[in-house]
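K.L.:
The structure that follows is given in the form of structure tokens.
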Amino acid sequence: MKRKMYNFSAGPSYISREIMKDICLGLDDSKRSGFSMMEISHRSNIFMEIVHELQGGLRNVLDIPENYEVLFFHGGARGMFSAIPLNLFQRNEIVDYLIGGYWSNYAYREGLKYCSARSVEIIKESRNDIVSLLPVKKWDLSNKSKYVHYCHNETVEGLRAHIEDIDDIPKDKVIIADFSSSILSEPIDISKFGIVYASFQKNMGIAGTTVVIIRSNLIEKPRHDSIPSILDFSVQLKNSSLYNTPSTFSWYVSTLIIRWIRKNGGVRKIEQMNRKKAELLYNTIDQSQLYINSIDMKYRSMMNVTFRTKSTKIDEKFVEFSEKSGLLFLRGHRETKGMRASIYNSMPYEGVKALVDFMKYFEHQYFFKDISFF
Ligand SMILES: Cc1ncc(COP(=O)(O)O)c(C=O)c1O
């Protein structure tokens with residue numbers, strides 16, 4: 001019997017086999033035109049159908065209000081780290097960047113090139129090393145800033161700031177949010193944000209595209225004249241995101257993913273499944289004597305579950321043996337080390353069950369010092 005393998009990669013990441021079957025159909029004979037989806041012109045009627053389905057489907061599943069535009073770009077979320085300041089911020093504009101981890105820090109560092117970016121620490125570490133979020137009143141927000149940037153789910157650390165956490169930010173500020181590793185995993189009240197953006201390669205599809213959901217009145221003449229046209233929000237809006245040739249295949253894959261979400265009951269239902277998977281994994285960690293997760297329960301990510309043991313040597317063994325057991329890409333990020341299981345929408349409950357079974361087995365072997373195992 002073929003052994004089941006599960007891919008816990010942080011992105012590009014696992015795609016449900018059900019969706020993969022449809023992707024393969026598109027590889028071969030797209031909509032019975034006799035050509036692969038990869039060979040279809042982005043100006044063709046077939047591709048226009050994809051564009052409409054992608055835009056409409058995303059509007060539907062995320063309940064995007066009428067006064068928001070949905071744009072697609074190349075360049076990943078990192079591209080947006082530059083495009084957003086180039087479009088929106090004056091060079092001397094004070095912008096608050098909330099720092100909750102690796103990715104929000106990168107956004108801030110890029111922002112420094114184009115505006116007067118301020119780093120606002122929102123993390124607190126307690127005496128027993130538990131990482132948590134400071135209450136908003138303790139955030140050092142400037143009374144001169146109009147924009148606040150934050151990352152909803154820190155993929156590297158496995159920390160998620162709840163959408164409600166930003167409710168106490170003064171209402172006159174425009175919130176810009178990186179949802180790269182959490183978009184489509186739970187409902188988002190888009191109206192709370194000026195911009196929600198995300199790379200495709202986790203919950204939205206395959207690498208190659210970034211979605212930007214932006215309140216229409218924020219699209220104006222860019223603040224920086226030197227902005228490349230390809231990053232200019234007004235140019236992309238005028239050209240329906242087809243200013244140059246887009247990553248056509250990645251757009252196509254995302255239409256299939258959105259179909260799959262709708263078929264599975266929409267984002268609210270997907271959120272329930274995600275919660276169940278995350279609970280199973282976190283409960284296993286909390287009940288064990290070997291595994292440690294240092295994120296305050298309230299802020300634990302539903303998408304990226306990080307854990308480690310007391311020693312890097314044991315972590316290494318864990319990764320080595322998990323791979324041999326068909327549980328792939330569990331090595332933690334190079335900065336944080338330890339382990340990380342990315343359990344995006346496509347990861348089935350059985351995949352997480354297989355992981356927790358392995359974790360229990362590994363722990364048992366460790367405590368009973370099975371020489372052949374270590
Ligand atoms: C939260 C977050 N923001 C930004 C990025 C960078 O995305 P990209 O590689 O598409 O530029 C990542 C990548 O993993 C991410 O997880």
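Just so it is clear, glycine is given a Cβ too, placed from its N, Cα and C backbone atoms.
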K.L.:
According to TrEMBL, Ala77, Arg78, Trp103, Thr155, Asp178, Asn244, Thr245 bind pyridoxal 5'-phosphate; so which of Gln201, Gln272, Gln287 is the extra one listed there?
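P.N.:
Within the candidate list, TrEMBL flags Gln201.
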K.L.:
Across all protein chains in the structure, which of the binding-site residues Gln201, Asn244 has the highest Cβ count within 10 Å?
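P.N.:
The residue with the densest Cβ neighbourhood is Gln201.
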K.L.:
Just to be sure I understand the contacts, which recorded positions have a Cβ under 6 angstroms from any atom of ligand 1? Candidates are Arg43, Lys202, Asn244, Thr245.
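P.N.:
None, as no Cβ falls under 6 Å.
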K.L.:
Within a 10 Å radius around the Cβ, which one of these recorded positions has the most neighbouring Cβ atoms: Ala77, Arg78, Thr155, Lys202?
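P.N.:
Sorting the candidates by Cβ neighbours within 10 Å, the top entry is Lys202.
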K.L.:
Please classify the secondary structure at Arg78 (pyridoxal 5'-phosphate binding site) using three-state DSSP.
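P.N.:
Reduced to three states, the DSSP call for Arg78 (pyridoxal 5'-phosphate binding site) is helix.
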